[in-house]
Every structure is written in structure tokens, then in C-alpha cells.
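These notes are about the structure you will find just below.
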Amino acid sequence: MVTVVDKVTSMRVRHPEKAHRPDTSIQKKPDWIRVKAPTSQVYKETHGIVRANKLVTVCEEAGCPNVGECWSQRHASFMILGEICTRACAFCNVATGIPLAVDDDEPERVADAVAQMGLKHVVITSVDRDDLADGGAQHFAKVIYAIRRKSLGTTIEVLTPDFRHKDHALEIVVAAKPDVFNHNLETVPSKYLKVRPGARYFHSIRLLQRVKEIDPMIFTKSGIMVGFGEERNEILQLMDDLRSADVDFMTIGQYLQPTRKHHPVIRFLPPDEFESFAKIGKAKGFLHMASSPLTRSSHHAGDDFEILKKARAQKFS
């Protein structure tokens, strides 16, 4: 894969398609999007644990707006399999290029960090690793097993890539029995060619459906960003597609443009529209909906897991 260094917006490795993309204007964020800069001592301690264990977090790599809040509460989402992705999605700030070899010691370091932070719930995600025969599935499983050995009471949520063209990869991850299996659709199907060109919408739907077929007790979850120019009825249809795959939990958040080289924000949706989506989603049968401008897949993941457990218990009581 040919890559270039984007010296204009950052010193990140970029796919040529992204680095050479014409600049687009970045809209001023509305007041409801703004967050406070992180300053707490707990934030610094969390940062120190991550660095000491030589780990990568999606909180930093993706430029999550909630990093200050989450790290101040000792919440962190670990990104395994390196910090270089094999794909170049138009919304994502993670570096693209040729990844390094898999770090065999990483599962133990992640488990050590989880134990040191005393996490009750942890989220494990990764870059896309199309270069690996199993897409990184076995490494996901090793991380899950390592955490179980050192933090038996910690619940584990995985946020996986689509494992496209990786036969039996999904089965490897599901066999490790994460408590929550998350795979994000990211956007409506009409936007895939521009926003998520390396993925296929209905492959992702089928992936989520297959998880439930293999192990019905694992909670399934998916999320999208809005603001790419999608229509409201497209979002409602996407909800129906997720429910047809028996997905339990959906997240909806506002897309925020990382740099001028990324897909522009077409529209900032006001908070009341997000509240409307949450009500509609509950009516469609999701056990839980998290929908707000600053909602992200891993935001409040531990609290959401407790809500999911209670909702399932009530449903079958």
C-alpha cells in the first residue's frame, strides 16, 4: 500500500486518497457540542497507566470529544492490533498504511492496565487488519482471555471490524464470550461509497445477526454518526435493519470532522432530534438507545451494560 505523510493537518500517515483530498471548510460547532478540556488528577493517572503499559486508546487516536470525562472516571477504550489501519474511511482520524507486526505481548499488557485501573467494564476495539488471515480475531480472543484471568469480575465489550473476507474470524471472537459484541454501521447505506468505501452495509448487518445465531446470550450493539447528509427516513430504515438482525442496543451521535481532509459536516442535528431517535428506537424494540450529539460507542458503556441487563430481565420476566 502506498502511503504519504500529511504534513498540512498533522504528521499522521495517510492514504493518498485522504491526504490529497481537497480541503473542505470546517463548520463552527454549535454550543451543545462543546466540552471542557481535561484537567483532573484522575485523568492524569489514567493517562499514566495507558502510557506505562505502552497501549493505544481509541479515545486518543479517534479524537473522541469525551476523553476528558471518561478518563476522569477511569474509563478507557483500548485499541489493539496497532495504531495503523488498512482502510481509509472518510470520517476517521486513525492513521492509514501498512501496519506493524502483531504484538504478542499486548494481551497481557491490556489485562494489566484493566487490573491497575480497577475497571468494572472495559471496551476493546481495533483498527482494521485486512493484512491478517483472520483479521485479528485470534488476537481479540487472546485479549479477552487475558482480562478474564486477571480481572474475573470485569465485563468485556468488543467493538470489532467487519472481518470481511475472513472466514471463521467472527466465530473465534464469539467463542471467547465477550459480554457485548459491538460492530458499528457508521452511516446509512447510501453514504457508504463516500464515507466507508472499504465496507459493505449488508455484510455488517449479517455479521451482527450471525453473533446472535452463534450465542443468543451475547448482547449485540451497533452505532451510527449523523451529519453526513443522510435523510431521516434512511435512519429509520437502518433501525429496522438492525432490529431484523436482533440487535439489542443502538447508539447515535453527531459526526465531527477531524480535519479539512475529511468528509465535511453537512448538518449539526439539534439535541431534540437525537431525543426523537431514542424514543423511536425504543418503540422499535431496542432494549436500549443512546442518542445525543456527543454519544459515542464507548461513552458510558459500563452504565449502558447495566441498563441492558435490566431491560433483558424485564423483557423475559
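Every residue, even glycine, has its Cβ placed from backbone N, Cα and C.
Feature list (source: Swiss-Prot):
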BINDING   C59, C64, C70, S298  [4Fe-4S] cluster 1 binding site
DOMAIN    71-287  domain 'Radical SAM core'
BINDING   C85, C89, C92  [4Fe-4S] cluster 2 binding site
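A simple way to gauge crowding: the CB of C92 ([4Fe-4S] cluster 2 binding site) has 22 other CB atoms within 10 angstroms, across all the protein chains here.
For S298 ([4Fe-4S] cluster 1 binding site), the nearest neighbour among the listed binding-site residues (C85, C89, C92), judged by C-alpha distance, is C92. A sphere of 10 angstroms centred on the C-beta of C85 ([4Fe-4S] cluster 2 binding site) encloses 25 other C-beta atoms.
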